[in-house]
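Asker: The annotation topological domain 'Cytoplasmic' is assigned in Swiss-Prot to 1-15 on the grounds of sequence analysis. Under the heading transmembrane segment, Swiss-Prot lists 16-36. As annotated by Swiss-Prot, topological domain 'Lumenal' applies to 37-417, with the evidence given as sequence analysis. Sequence annotations record features per position, and here Swiss-Prot assigns N-linked glycosylation site to Asn144, Asn405 based on sequence analysis.
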Amino acid sequence: MGTRRRSARARARPPLAMPLAVLLLFACSSGVAAAAAQGIERIKDDPVGKLKVYVYELPPKYNKNIVAKDSRCLSHMFATEIFMHRFLLSSAIRTSNPDEADWFYTPVYTTCDLTPWGHPLTTKSPRMMRSAIKFISKYWPYWNRTEGADHFFVVPHDFAACFYFQEAKAIERGILPVLRRATLVQTFGQKNHACLKDGSITVPPYTPAHKIRAHLVPPETPRSIFVYFRGLFYDTSNDPEGGYYARGARASVWENFKNNPMFDISTDHPQTYYEDMQRAVFCLCPLGWAPWSPRLVEAVVFGCIPVIIADDIVLPFSDAIPWEEIAVFVAEDDVPQLDTILTSIPTEVILRKQAMLAEPSMKQTMLFPQPAEPGDGFHQVMNALARKLPHGRDVFLKPGQKVLNWTEGTREDLKPW
C-alpha cells in the first residue's frame with residue numbers, strides 16, 4: 001500500500017445523506033423476518049434412522065481431562081470438537097453395537113491446549129491424533145479393516161488436519177498422513193488447498209448459541225445501516241504493509257470506504273456489536289489469514305446479508321445451504337467497486353435474501369447449541385455423513401492390504417504422545 005493510511009481505529013462516519021433508493025430499502029427490509037422462503041428443504045432433513053455412529057471410548061487423557069484442565073476450550077471457536085462428542089453420546093444416532101455402525105467417531109480434542117491468550121497450541125496435536133488412532137486400532141478391529149475410510153474426525157483448527165496456524169507451514173506439513181482415508185469435519189474450507197481433501201465436511205466455527213440469543217432485537221427493528229464491519233484491516237504485527245494479510249482485501253476495504261457514509265466500518269468492537277449487525281443490511285465477511293471466521297455465523301443468525309470476500313472459500317454445509325440465494329459474493333480484486341456492487345443489487349433480490357435469512361431453520365444450521373436442537377449444526381453434519389452412504393467397495397481393504405504409511409511425517413510428529 002503506497003498511501004499512508006489513516007488509523008483504522010477511527011470509525012467511518014455514520015450515514016448522513018443516503019440515496020432515496022437506500023432509504024426505501026431500509027423501509028422495506030424491516031419486516032422481512034417473517035417472510036416465507038423457498039429452497040431450504042434440505043437443511044430440514046432429519047438424519048435419525050439414516051445412519052448409525054459408534055463412538056469409541058477413549059482414555060480421558062484424550063478428551064475429558066483436557067477440558068478439565070482448561071475450561072476456556074468450551075467457549076472458543078474450535079469447541080465443535082468437544083460438543084460433537086457430547087451430542088453423539090446422547091443422540092439416537094449413536095449405536096452401542098459397532099458391528100451395525102455406518103461410521104466410527106474418535107473423540108480426541110486436538111485444539112484444547114491453549115496459550116495464556118487463548119490460542120490453541122497445535123505442536124502436539126499430530127502426536128495426540130496418531131496416539132488415539134493407534135489406541136483404537138489396537139483394541140478394535142474396525143480401523144484396520146478400512147484404515148479409517150469409514151471413520152470421521154472433527155479437526156476445527158485454522159488449517160484443519162494440517163495442524164498449523166500459519167498457512168505456509170500448514171501447506172508444507174499437509175494433512176496428517178494417518179488421516180488421509182478418513183472423513184474430516186473441519187471449519188477450514190478453501191478450494192484446491194493442501195489442507196482440504198475431497199470428501200471433507202466443512203462446518204461453521206463454534207459460536208455460543210446462548211450468547212447470540214441473549215442479544216436478539218425485535219424482528220421489526222429497521223435496518224438503518226447499509227454496510228457493517230468490525231475487525232482488523234491490517235495485521236500490523238505480522239504484516240505491517242497490509243499486502244499479505246487477507247491478500248490485501250481488508251486493507252482495500254478500509255482505504256476505499258473509510259470515509260464513505262454508507263459504510264459503518266471500524267476496528268473497534270462495541271458492546272452493541274450483535275445489535276448493530278441486526279440493524280445492518282449487509283455484513284462484510286472478508287477473509288483473514290484463513291477464508292473463514294465467526295462473522296459468517298453471526299451474519300446468518302442475525303439476518304444480515306453476508307458479503308463474502310474470499311475467492312476460493314468452501315462454505316459450511318454447501319451441499320444443503322443455498323449460499324448463492326442468501327449471500328453476496330464479491331471477488332477480492334473487485335473490493336474497490338464494493339459500493340457500486342451493493343447499491344446495484346435490485347431491492348427485490350435483497351428482500352428475497354432477507355426472507356430466506358429470516359427462516360429459523362436457516363439460522364439453526366449455523367449453531368451448535370446445548371442441548372442439541374432439530375436442524376442444528378450437529379444434525380447437518382450427520383446429514384452430510386448420511387449422504388455419503390452406502391460406502392463404496394474401495395472403503396474396505398483386502399486381507400493384509402495396507403495403504404497408509406505410519407512412518408510418514410515430520411520427526412517431531414512421529415514422537416510418542
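Glycine is treated like the rest: Cβ placed from N, Cα and C.
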Asker: Pick the one among the glycosylation sites Asn144, Asn405 whose Cβ has the fewest other Cβ atoms within 10 Å in this structure.
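Answerer: Output over glycosylation sites Asn144, Asn405: least Cβ neighbours within 10 Å is Asn405.
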Asker: Looking only at C-alpha atoms, tell me how far Asn144 (N-linked glycosylation site) is from Asn405 (N-linked glycosylation site), rounded to the nearest Å.
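Answerer: With distance taken Cα to Cα, Asn405 (N-linked glycosylation site) is 13 Å from Asn144 (N-linked glycosylation site).
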Asker: What three-state secondary structure does DSSP assign to Asn405 (N-linked glycosylation site)?
Answerer: coil
